[in-house]
Amino acid sequence: MLNNLILVLNCGSSSLKFSILNPDSEKKYLFGLVERLFLPDTSVTWQYLEKKYQVCIGSNMSHENALDFVLNHIFLQAEKIFKRIIGIGHRVVHGGHKINKSTLINENIINIINDSVCFAPLHNPSNLIGIKIAMNKYPHLIKKNVAVFDTSFYNNIPKTSFLYAIPYRFYKKYHIRRYGAHGISHHYVSCKTALLLNKKFSSLNIITCHLGNGCSISAICNGTCVDTSMGLTPLEGLVMGTRSGDIDPSVIFFMHRKLNLSIDEIEVILTKKSGLLGLSEVSSDFRYFEKNYTLKKSAKISVDIFCHRLAKYISAYMSLMENRLDALVFTGGIGENVPLIRQLTLSKLSLIGFKLDFKKNLSLKSGKSGLISSKNSHMVFVIPTNEELAIAKETISIIHKT
Ligand code: ADP
């Protein structure tokens, strides 16, 4: 078992994460990230045998270009460990209404993921590129490709959370409902929280905030997710890097009717040009906002809106906790690395029992888990997510079952 490795591909909308790891020992042998796809200076960073590498692979590189570099250059470097790979795990954002759990990939599953593109237009197409290229490149593993879905974690959210207040037939006939996303990460940090608190998962009452390029928040009560901020697609909810999150749908009618923007143009605005990027008109990278919070008005207001929305969701989700909150959890690139966000958000929540320990918040090292609340507060943890490990564990368990 200890010899068995899993290759994990996480083909995101503008990035590609890859790793080769052992799901049992949790040892990562090789891992890396391609960033800035479709932008100038697409770059790849990776680590193999404790050594770090970084190269620019060109400008405006696509997922296909990035996979070509990763599979044909980086993985060649790792030929020795490659022989030990017994399966390939793929992150897939949306399974639509037809798939609700991790599954071996075959033609039918590919078709279902394809049919669900309308629910995750930024993500499912790139997820499919990763799947097809991996299946082609490694024919000996063709029956060992597993899709792990971000939507699976939300299988049991109640109708009160997942139904939109629109004519019921749109749900019955067209499956328009809230599906949630980022479930792999919310589930992973929930399991870690249960371990930290020494509690059974089934009795866990927590709120988890995944704050990365995409941002979402989930309410978990008695070990079941009872609400989450992402909706039909990963566009609803919190303010994100380039996505608007919640807006009045009439904004779309206004843009279309008064500004003559097409539906496609509006989709691009709301998914790729809004959020922190839209508000600041400079960047979606949180490092920029951290640096400029006290220096630039537009950076400050963008961050303040981000935290205002987050605090509103946390307060709302407190009402779903059935009289007890075990912990609030921050994770994702921003949640793990930006003390300012945690401080600004929690400062709005003292009335409902949150108090930050400023020293702990500031001194928590990147990549480490820790408690950042003071004694007379609900517990607040920072817990690094590890979607790749979660996907590898799911992949091996599905492979062993078949
Ligand atoms: P994804 O949703 O693509 O998985 P990540 O979880 O990697 O995203 O988070 C990306 C976000 O986290 C970006 O806004 C990035 O600027 C921010 N981020 C990552 N590391 C840091 C850091 N050390 N300091 C500040 N912001 C960070």
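Cβ from N, Cα, C; glycine included.
TrEMBL entries are annotated by machine, without manual review.
Since the structure is predicted, the reported quantities are computational estimates derived from the model, not experimental observations.
Lifted from TrEMBL, the feature list:
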- Asn10, Glu387: Mg(2+) binding site (BINDING)
- Lys17, His210, Leu211, Gly212, Asn213, Gly214, Asp285, Phe286, Arg287, Gly333, Ile334, Gly335, Glu336, Asn337: ATP binding site (BINDING)
- Arg91: substrate binding site (BINDING)
- Asp150: active site, proton donor/acceptor (ACT_SITE)
- His182: site 'Transition state stabilizer' (SITE)
- Arg243: site 'Transition state stabilizer' (SITE)
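Taking the features listed in TrEMBL, we show where each one sits on the structure.
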residue: Asn10; record: Mg(2+) binding site; contacts (Cβ under 8 Å, 6+ apart): Leu16, Lys17, Phe18, His90, Arg91, Gly130, Glu387, Glu388, Ile391
residue: Asp150; record: active site, proton donor/acceptor; contacts (Cβ under 8 Å, 6+ apart): Arg91, Val92, Val93, His94, Gly180, Ala181, His182, Gly183, Ile184
residue: Leu211; record: ATP binding site; contacts (Cβ under 8 Å, 6+ apart): Leu238, Leu310, Phe330, Thr331, Gly332, Gly333, Ile334, Gly335, Val338, Ile341
residue: Asn213; record: ATP binding site; contacts (Cβ under 8 Å, 6+ apart): Gly12, Ser14, Ser15, Met240, Gly241, Thr242, Ser284, Gly333
residue: Asp285; record: ATP binding site; contacts (Cβ under 8 Å, 6+ apart): Gly241
residue: Arg287; record: ATP binding site; contacts (Cβ under 8 Å, 6+ apart): none
residue: Glu336; record: ATP binding site; contacts (Cβ under 8 Å, 6+ apart): Phe330, Ser366, Gly367, Val382, Ile383, Pro384, Thr385
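Taking all protein chains in view, 25 other C-beta atoms sit within 10 angstroms of the C-beta of Arg91 (substrate binding site). Residues from the recorded positions list (His182, Asp285, Arg287, Glu336) with a C-beta closer than 6 Å to any atom of ligand 1: Asp285, Arg287. Secondary structure from DSSP puts Asp285 (ATP binding site) in coil. Non-local contacts of Arg243 (site 'Transition state stabilizer') by the CB criterion (under 8 A, 6+ apart in sequence, same chain) comprise Gly214, Pro234, Leu235, Leu270, Thr271, Lys272, Ser274, Gly275.
The most densely surrounded of the recorded positions Lys17, His182, judged by C-beta neighbours within 10 angstroms, is His182. In the three-state DSSP scheme, Arg243 (site 'Transition state stabilizer') is classed as coil.
Largest CA to CA distance in the ATP binding set (Lys17, His210, Leu211, Gly212, Asn213, Gly214, Asp285, Phe286, Arg287, Gly333, Ile334, Gly335, Glu336, Asn337): 20 Å, whole number. The local packing around Ile334 (ATP binding site), expressed as other Cβ atoms within 10 Å of its Cβ over all shown chains, amounts to 25.
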